[in-house]
Every structure is written in C-alpha cells, then in structure tokens.
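Novice: Below are the features I grabbed from Swiss-Prot:
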type	residues	note
MOD_RES	A2	N-acetylalanine
MOD_RES	S15	phosphoserine
BINDING	D43, R44, N45, Y76, R310	AMP binding site
SITE	C109	site 'Involved in the association of subunits'
SITE	C143	site 'Involved in the association of subunits'
SITE	Y156	site 'May be involved in allosteric control'
MOD_RES	K364	N6-succinyllysine
MOD_RES	K470	N6-acetyllysine
MOD_RES	S524	phosphoserine
MOD_RES	S527	phosphoserine
MOD_RES	S561	phosphoserine
MOD_RES	S639	phosphoserine
MOD_RES	K681	N6-(pyridoxal phosphate)lysine
MOD_RES	K796	N6-acetyllysine
Amino acid sequence: MAKPLTDQEKRRQISIRGIVGVENVAELKKGFNRHLHFTLVKDRNVATPRDYYFALAHTVRDHLVGRWIRTQQHYYDKCPKRVYYLSLEFYMGRTLQNTMINLGLQNACDEAIYQLGLDMEELEEIEEDAGLGNGGLGRLAACFLDSMATLGLAAYGYGIRYEYGIFNQKIREGWQVEEADDWLRHGNPWEKARPEFMLPVHFYGRVEHTQTGTKWVDTQVVLALPYDTPVPGYMNNTVNTMRLWSARAPNDFNLQDFNVGDYIQAVLDRNLAENISRVLYPNDNFFEGKELRLKQEYFVVAATLQDVIRRFKASKFGSKDGMGTVFDAFPDQVAIQLNDTHPALAIPELMRIFVDIEKLPWAKAWEITKKTFAYTNHTVLPEALERWPVELVEKLLPRHLEIIYEINQKHLDRIVALFPKDISRMRRMSLIEEEGGKRINMAHLCIVGCHAVNGVAKIHSDIVKTQVFKDFSELEPDKFQNKTNGITPRRWLLLCNPGLADLIAEKIGEDYVKDLSQLTKLHSFVSDDIFLREIAKVKQENKLKFSQFLEKEYKVKINPSSMFDVHVKRIHEYKRQLLNCLHVITMYNRIKKDPKKFFVPRTVIIGGKAAPGYHMAKMIIKLITSVAEVVNNDPMVGSKLKVIFLENYRVSLAEKVIPATDLSEQISTAGTEASGTGNMKFMLNGALTIGTMDGANVEMAEEAGEENLFIFGMRVDDVAALDKKGYEAKEYYEALPELKLVIDQIDNGFFSPNQPDLFKDIINMLFYHDRFKVFADYEAYVKCQEKVSQLYMNQKAWNTMVLKNIAASGKFSSDRTIKEYAKDIWNMEPSDLKISLSNESSNGVSANGK
C-alpha cells in the first residue's frame, strides 16, 4: 500500500515551482548525462558529487542560453532605454536553485535528479557562494538585478570579478579568523568570458594641453576582461547580463626594454596589474584611502563607460554628423545608477570622454552627464563617507583631478552667485575639503554630477535631506528622493521557504510571486485557525530542519520548540550586537537566580563577520562566544537558554536560518541604519521583529501596525536630545541593578576566567566612547523582550501576529523598489512582454505573457 503523502509532498503537487512534464524530465536527464560525458569527461564510475553538480549546472544553463541570446537580440532590435547599475559589490550567493525557479524547471530537475539516483540537496550544497559583497549593499544589488530582469527592463549590472570574495570566517577559540575565499578554484559554470570585448584602462601618466585639446599621455595600461553571468527574470524568458571585469596585464607590460632589464621579473610584475581584481575590500564603515581600492573604483568605471558608449554608438541613436557621434540622445537611451559613492569617478570619466575624446563643448558634456547619472546614498555615518586625498588622485588620475576642479569651480561660482556673503556655506558645499589635507568628497561629487539622489528608506532620506546634505537639498530640493529598499521574493520566499510559498499560493494563487502587494489578501485569514496552524507547522518544520543542521555543524543540541531569537548581520557597534549580548547575560542571571521559575526557552543565534581591521567588532564576537561557552555548559540552565554564534554567515546560510526564525533582532541606534533588508526577509518569512524606530523598521511598523512589532527604545529625536544633554553611561549603570551586575561580570572576568581583563576595551568603550548608547536603551529592550516571551506562550496570538506581518510585507519587494526607480529616476517603463524563443514566433516577442 502506498505511503500517505506528507504535508510538504501534498503542497508540492500544487507547487508554484513548475509542472513536471515527462518530456522535460527525460530531456534533463539526457542533458545531464551528455554534460557528464562530453563537458566533464567522466562516467558514473569515477564522477564525484562535484562533477554531478557541474553536470546539472551546465544542463540548466543550456535552458538559459537561448533565452539569453533572444533577450539581447530583442534589445538590439527594439532599442529600449538601457539602465546600467554600477556597483563595487554584487552579493549573489548561489545560482543553481534560483535559476531553476526562475525558469520554472525546479520540479522537473528534482524529478530528473531523483530518477538518476542522486540527492538534489547535496548537489545544491556543493555550489560556492559568489560572495562578491560585504552585506546589505551588495545583496541589494543582487536583488535589484533579479527584479530588473523580472520586470523586463533592459538592465546590466557592472562590477568587478574579484578572485577572492568576502573572506571565510572561522571561529577558533572564540576569535574570528579570516581565510581567503577562493570561490573560483573549482571553476564557475555560470560565467562566460568575453575576451573579444577586452578594453584598456589607463592609470598614472600626465596631462598635455595643446591647441587641439587635452590629452592624457604616458599612462600605464591595464586590460579589463569581461565575464558575463546570465540574470534570468521570473518566468518571462528575459535573461539580462551581469558583466564583471577582471584585470589583465597587457602583453608588453614592463617588457618594452627587457633586453636591458630582467625579463623574468617583468613577467612576474604582471601580477601588480592583475592585483586590481584580486580581492574584495571588507567594509567596516570606516573609510581608508587605499591606492588599490581607488584603482578598483576607477577600473570598473573606465571599462564600463567604454562598453556603454560602444553599445550606444552601435544603436540607431548613435548617429554621426561630419564631426563624429551625436550624443544628444544619450540620456534618453542610457541611465546609470551609482550604488553608493564607490563608482563616483564615472562622473569625471564620462566628462573626460565627452570633452577630450568626443570633442563636445564643456557645457553640452556636463548637461548630458548630469541627465545620465543618479546616485544612491547608503550611509549616514560620517566616518564611512569616501574622501580621497587630492595628491593620490593627482598621481593616479591626473586628468580626472583637473576635471573635478573644473566641476567644483563652476559649482562654487553658482553658490557665490546665490549666497554672496555665505563663505561657510561655500566651504561646506565644496567638492574639495581643505581641513587636514586636501580631500575630494565623493558624495558631494555625486550630488553635483547627478540629476537624482536617493536614500533607501523614508527616515534615512529625511536625514539625508535635513542633516547630512542639508545645504544641497536647500539648493536643489527636487533632486532628493526616497526609494525604500526591497528584497526579491523569488530567492527570499520561493527558494528559501517553499513550504510557506506553496501554502500562500493555496490561499491566494500564484500571482503574488510577481506582485507581492497581493499578500494583503492574507488579512482575510487572520481568524482562520486551521490556516494559522498550517503556518505554525511550516515554521516548526523549518526550525526542526535548522536545528538538525546546527547539531551537525556545531555539535550543539538545541530545543526546536524553543523560541529562535536571531541576530544576523555584519558585526558593527551601530548594529548593537552588544545590546543583545547584555540581554543574554541578563536572562542567564535570572535563570541562575531562580532556577525553578518558569522561563520561556530561547535559542539565541548571532552571526556576522567583523571587518579584519575592526578591533571592537572582533572583541564583540569574542564576548558573544565566551558568553555562549558559559551559558551552554551550565547544567542549571539546560535547554532553557542556548547561545549559538553562526560561523561564516553568508547568503546560503541566511537562506537556512531566516525561514526558521521566530524573533528578528533589528536593534540599531535610531538614525544609524539607512534601511536594512534583513528585517524585510524575516518579516516575509513569518518572524516577528524586535527593533528600534530606525531604517525600514519604521515603514514595516507603518504597514503592519506598530502593535504588530516589538518596538522599543529611543527615537531619532530622543537620540539627538540625549546628545545635546550629554550621554552619561554611568548614570544608567548606577540606576539599573541588572545592568550593573552584567557589566561587572564582564569586567571581572566571569566570562574569561583565564584572562579577567580580556574585555576591558569593551567596558571602556561602553562607559566613555559609546556613540551608539547601548546602556540608554538597555532597560526598554529588556522589558520589550519580556513582552516577546509573554506573547510566545500564547501561540495563537503569536501566529496571528505572524500572519499580519506576512500580509503586510508586500511593500518590501524589490520589484516595487525597481518600478519606482524606473518611473521617477530612469524614465523607463517595465514590460510584461514575454520574449518568445526563436521557434515560437518570427518577431521574437509575444504579448500577454504568451
């Protein structure tokens, strides 16, 4: 007799991840075996699991390439406006499963792999994360690429193909240790090298001014070799391109006079040129003016703009008169979005191309340049803003410095004309800062050189307008906009939480995957006890799966019915992992004080990387791991409280932990987190949020109702008032006995008995240099956590609140964000045309998604 189907299997029969056709499965198996034999040159006797992963990846890629080519043909034929998303980071994660979902192949692939006697999950786990980003900024770029393809926009992501991505984090004896992320060592089946589009990038040299114009001469040349990765939209046959540049030394690099020099040394020196794309810089929100980093920023910009102009000239809009290309139509055909200030050199570089090479008059070139560029600001922390030393720019990019000076002069002339007596305003608004050595303020360059500037959440955009760039918004108020960040529901629901995705589809249909606002329909089920129980059941399945993963990876046995309290993001003082840690110790002390008292069991999971040079962040990790050591080994605590530090947090680990989370920690000091996107991922996956009124938390509370989040602590105005009054940490320490006990324990070596003064730097910072005011929010945070525990005991009330949050999360789709960018900044129209494959029609496009 057949076994009864599990809930998961029943749901898969009506899954939104594609219908399994017998032909599909047979074709996939055939493709798999073909690649195993002809691409990998293996048979089943000698093939390894990695070979099977590669065979599957190539098979899936076969289904991409036709769509990829048709998409590019369609863009060439129709000449739509194109948007270029310039970012030094693209935190893509893994590609295989996301591609299967977006092509509607997942169930067919699952079935084919099952019939081949292999384990799909095992194959998916073999793929390396493409960790070409630090955190939110790079992951946002990845979500945006998915949305741009899904919305049918002619979009390109441009960045650097780092040989080493964000470091792998190991925890040894409680300390973070960094290891290189050699993510390409086994090869990457998703990329295609395009040596035919290799381009020269110039550095150093000098500037010659002649009668005929200005020339940048005697430069060192590095070649930029593009690698293309396909970016499939969801079920629309659109496949866009992410083009990442790799640095190569030219053949004659340092060899011009090797006869009199050292040929071997000259060849070895080629590494110097190729170092440009060697490694991603870890971000600690603290700007350091490193020459190699500036080279990276110019490298991506120079290669990309040559590519953009080549593509424009090849289109019907790149018309020529007797003098050369006419660029009047350029801003109507090209939009370039700068993801933070890292690609800001694109502004003087485009001016250099227009003025020096294409011989446009300055005023004309400037008008076109401004209309082309837009800038997204991602941080309000002043120490994080890029300010490059003038002498470094002068050495590396002498012509660009001249252009920046010229831009600044014209900008300041305008300020003087408008505010003739306001010298301090002129100094504040200059692109060149004079204090402590001349520096170029890259954010000011972006604001002056772009037609639109946006923040990434309402509260952040307000701070940008009224505080950080107040002078500029007074000058051009219409330039400043808000575009609240979003996340792609394909990866952050369908891929990572298929149980919940299918459950939602049962109730409201499948269209929500491309229109997340439809989740509001779930509001009508908040009183449906059966549905609430099903949602709770999916959460429990995810928790069970994750607890098995934790036991396997960390050898810690946890209680899967405990509350999973999760805090995963970069380790930084402003994100306040320390506040969470103080609460953990407080809970520990309460259990020890009264072991018989009922305590709502919790598993506190903290994860994230500290930048290698950021001492305080590394100390915070050591404190968390030391506290975990004590708590997890105390028999009196047992399964009531467990603390896990998640090693090497990355996209593929986020996909596991987020669906299993009950409580999401979003506790930055109000006014410091620009937006956050982790908060949105947790909300969509049925976790409740404990957080401050900061970043996108504010809008999450607006959407779901503040009563459906656990909001605590100071608001932005309270923080400002406390700054004005003067923050005295000691006052809180003296007034709050539980806080005093916790701090004394850390200070006297309770968590580091072999090194009692191990955490003196943390204690010293908390008392005397804490810009993020941990003590000021401690009491409110602990009280709010008590409310969380209380509600968790009432599972029906908890699950009702969960459903209200899921139903309110539709705003936070990156599809909505990208539609706003397209309408308000890029002047582009999303398209719901489904590009037909060549055998479907002659004109290459079918309407109505057919």
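Including glycine, each Cβ sits where the backbone N, Cα and C put it.
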Novice: Quick check: of the recorded positions listed here (N45, S524, S527, S561), which one has the Cα closest to that of C143 (site 'Involved in the association of subunits')?
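Specialist: Comparing Cα positions, the candidate nearest C143 (site 'Involved in the association of subunits') turns out to be S524.
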Novice: What number of additional C-beta atoms lies within 10 angstroms of the C-beta atom of R44 (AMP binding site)?
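Specialist: A count of 13.
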Novice: Counting across all protein chains shown, how many other Cβ atoms sit within 10 Å of the Cβ of S527 (phosphoserine)?
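Specialist: Other Cβ atoms found within 10 Å: 9.
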Novice: Just how spread out is the AMP site if you go by the largest Cα to Cα distance in Å among D43, R44, N45, Y76, R310?
Specialist: 49
Novice: Between the Cα atoms of the residue listed as 'N6-succinyllysine' and D43 (AMP binding site), what distance do you get, rounded to the nearest Å?
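Specialist: Per the Cα atoms, the residue listed as 'N6-succinyllysine' and D43 (AMP binding site) stand 62 Å apart.
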Novice: I need the nearest neighbour of R44 (AMP binding site) among the modified residues S524, S527, K681, K796, using C-alpha distances.
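Specialist: Among S524, S527, K681, K796, K681.
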Novice: By a 10 A CB contact count over all chains shown, which of the recorded positions listed here is most packed: N45, S524?
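Specialist: Comparing the recorded positions N45, S524, the most crowded Cβ belongs to S524.
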Novice: Which state, by DSSP, holds Y156 (site 'May be involved in allosteric control'): helix, strand or coil?
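Specialist: Note: Y156 (site 'May be involved in allosteric control') is in a strand by DSSP.
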Novice: Neighbour count first, Cβ atoms within 10 Å, every protein chain included; then name which of R310, K681 tops the list of recorded positions.
Specialist: K681
Novice: Of the binding-site residues D43, Y76, R310, which sits closest to S524 (phosphoserine) by Cα distance?
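Specialist: Answer for the nearest of the binding-site residues: Y76.
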Novice: How many Å lie between the Cα of R310 (AMP binding site) and the Cα of the residue listed as 'N6-(pyridoxal phosphate)lysine'?
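Specialist: Between the alpha carbons of R310 (AMP binding site) and the residue listed as 'N6-(pyridoxal phosphate)lysine' there are 39 Å.
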Novice: What does the structure give for the C-alpha distance between K796 (N6-acetyllysine) and S639 (phosphoserine)? Integer Å is fine.
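Specialist: That separation, Cα to Cα, works out to 23 Å.
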